[in-house]
Amino acid sequence: MPELPEVEAARRAIEENCLGKKIKRVIIADDNKVIHGISPSDFQTSILGKTIISARRKGKNLWLELDSPPFPSFQFGMAGAIYIKGVAVTKYKRSAVKDSEEWPSKYSKFFVELDDGLELSFTDKRRFAKVRLLANPTSVSPISELGPDALLEPMTVDEFAESLAKKKITIKPLLLDQGYISGIGNWIADEVLYQARIHPLQTASSLSKEQCEALHTSIKEVIEKAVEVDADSSQFPSYWIFHNREKKPGKAFVDGKKIDFITAGGRTTAYVPELQKLYGKDAEKAAKVRPAKRGVKPKEDDGDGEEDEQETEKEDESAKSKKGQKPRGGRGKKPASKTKTEESDDDGDDSEAEEEVVKPKGRGTKPAIKRKSEEKATSQAGKKPKGRKS
């Protein structure tokens, strides 16, 4: 899912190409799962003729500041992306719409043409993004509930160490908590923990002063570098775990050291056991539960399925009310089943396959049944190889 660097790259592209220009044409998709709380026609009327003054971001959220409110706000979800026609903008790899596709893309949820002819589109292939029209985006959820932005509002080393000392949860889920620090997602959390040589399941309050300092430094350096290159992963340093974290178990190495995969905070997590070791009570606890974990580990998805949807929902303003939304919860289970059958394919093709399951709402039953049978067959056929992960 797009994280702080990808959203910041989109913000900068808008700032460089769209400021001071008037919106002369608007097309809003008729998709009430993505377009939140307003009809397409009302959305269009509200921003037509307005001038874009600035593009702002907090965490993984972006909004356009116009010459008068309300303002369009974008929560990128699993696969949201900003496109500006004729302008190169870095996108999360599973967000990318092919250049050969129609313009605006069939996945476009928000499209505007500016008075100089420039065209901007927000697309979402997976339909887990949220596009809102808000009078003051920072005063309402999800932005009002976010913690300090990891790039713009970093804690000092002392503040960071003091806050970690009060947290009795494991460090990886804490870093993913957008209410604690906003902008860090799964790949950044894995990267900064690897750089700081901290095990993802180490309890935050048990970290030494030196570890807190190392983690503070790695967060700063990883995010600043990713932003510096506009989130272009081909320019990330070769020693980053990022380049190998999606390879198959047993084939993933960084600097000659084996990468292993566990689940931390419900997320598939890449780490290097040789360098990131548990210690103290966490090590004792892990030794007791490790056999059980190994038994369920192959069932985890590849890090881009249901768990990303759950992270998006946690950031959503309806986090409390969603407990009663049974249809949405039901849809969340189907992509998870599908992902299990395709967990060995990590090249991004799973995005389009999942998209076919989500999109045709009226045809969900038969494909789901078919995928469950395929999952069972795949699971039975692959038990022994997966058992060798450890």
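Here the Cβ of each residue, glycine as well, is placed from N, Cα and C on the backbone.
What Swiss-Prot annotates here:
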ACT_SITE  Pro2  active site, schiff-base intermediate with DNA
ACT_SITE  Glu3  active site, proton donor
ACT_SITE  Lys60  active site, proton donor
BINDING   Tyr107, Arg126, Lys167, Asn186  DNA binding site
COMPBIAS  301-316  compositional bias 'Acidic residues'
COMPBIAS  321-337  compositional bias 'Basic residues'
COMPBIAS  343-355  compositional bias 'Acidic residues'
COMPBIAS  360-370  compositional bias 'Basic residues'
Of the active-site residues listed as Pro2, Glu3, Lys60, the one whose CA lies nearest the CA of Tyr107 (DNA binding site): Pro2
Cα distance (Å, whole number) from Lys60 (active site, proton donor) to Glu3 (active site, proton donor): 6
Pairwise Cα distance for Lys60 (active site, proton donor)/Pro2 (active site, schiff-base intermediate with DNA) [Å, integer]: 7
Assigned conformation of Asn186 (DNA binding site) - DSSP reduced to three states: helix
Alpha-carbon spacing, Arg126 (DNA binding site) to the residue listed as 'active site, schiff-base intermediate with DNA', which is rounded to whole Å: 12
Lys60, Arg126, Lys167 as recorded positions, winner by CB count within 10 A: Lys60
Asn186 (DNA binding site) CB neighbourhood, other CB atoms within 10 A: 24
Rounded Cα separation (Å) that holds between Asn186 (DNA binding site) and Pro2 (active site, schiff-base intermediate with DNA): 10
Cβ neighbour count (within 10 Å, all chains shown) around Pro2 (active site, schiff-base intermediate with DNA): 27
Inter-residue Cα distance where the pair is Lys167 (DNA binding site) and the residue listed as 'active site, schiff-base intermediate with DNA', in Å: 26
